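Peer 1: OK, TrEMBL features for this one:
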type     : residues : note
TRANSMEM : 32-55    : transmembrane segment
TRANSMEM : 75-96    : transmembrane segment
TRANSMEM : 103-124  : transmembrane segment
TRANSMEM : 179-202  : transmembrane segment
Amino acid sequence: MSTAAKERPSLELVTDFNPTKPLKMRFQAPQLGALGVTFTLMRAFQFACLISVIGLCANFINEIATAEHNPPSELVGALTVAVTAIIYVIITYILYYDNMLSMLTTAGLDGLLFIASIVVASLIGKPLSMLNCAAIPSSDYASTLFSSAPSPIKSIITKTVSYVSFVLLDQTTCYQIKAVWGLCITICLLFAFSTLACLGLWQRIRRETKNKDIEG
């Protein structure tokens, strides 16, 4: 009877979750000083520029494909590099955020994308450097000029559309292609800076690791 009368001990669930801990402290990028901030900004700007290039190039290729022609290799190459680069940018920043990124390897890959961006910018900008878009007929004029064809691009005889012919199609296309060219140049600069930032972060992390080993 005395045993039954005893009060049973209460059970408590112990967890490591602390609801009072700020959310930003639980989800926070690595604290690596100005170089870390620079790397984050470079990745953000790269993402924005690459998204713009993908959107413009995909729209060009869609218009050409709708007209039952093959797109020029310059646009296909730019789209391929941009899609590859944006996947790389997203994956590397996720790994950086979780402190799982090899900075030396990333510096090498950023350098390769820097070279690829230079090649794309050179191919895209080759016929644009001396081109005055204002001197090209407007889109309304182009539509009238090629009204006998289902699409202005239909006026091109070859199955694969010439890149120069496509650039000279109308003012809108010319300005949009020049925007792609400008974005490609910007991407070159961004990957150059991110390569240097990765090298600096690699040196900093290696130095901090050596100091910890000495102190240990």
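Including glycine, each Cβ sits where the backbone N, Cα and C put it.
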Peer 1: Please indicate, using numbers and ranges, the residues of the same chain that are 6 or more beyond the transmembrane segment (179-202) and have a C-beta under 8 Å from a C-beta there.
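Peer 2: 32, 35-36, 38-39, 42-43, 45-46, 49-50, 52-53, 56-57, 78, 85, 103-104, 106-107, 110-111, 113-114, 117-118, 120-121, 124-125, 128.
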Peer 1: Could you give the residue numbers and ranges of same-chain residues that sit at least 6 residues beyond the transmembrane segment (32-55) on either side and whose C-beta is under 8 angstroms from one of its C-beta atoms?
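Peer 2: For the transmembrane segment (32-55), the sequence-distant neighbours (Cβ-Cβ under 8 Å, at least 6 residues beyond its ends) are 78-79, 82-83, 85-86, 89-90, 92-93, 96, 179-180, 183-184, 186-187, 190-191, 193-194, 197-198, 200-201, 204-205.
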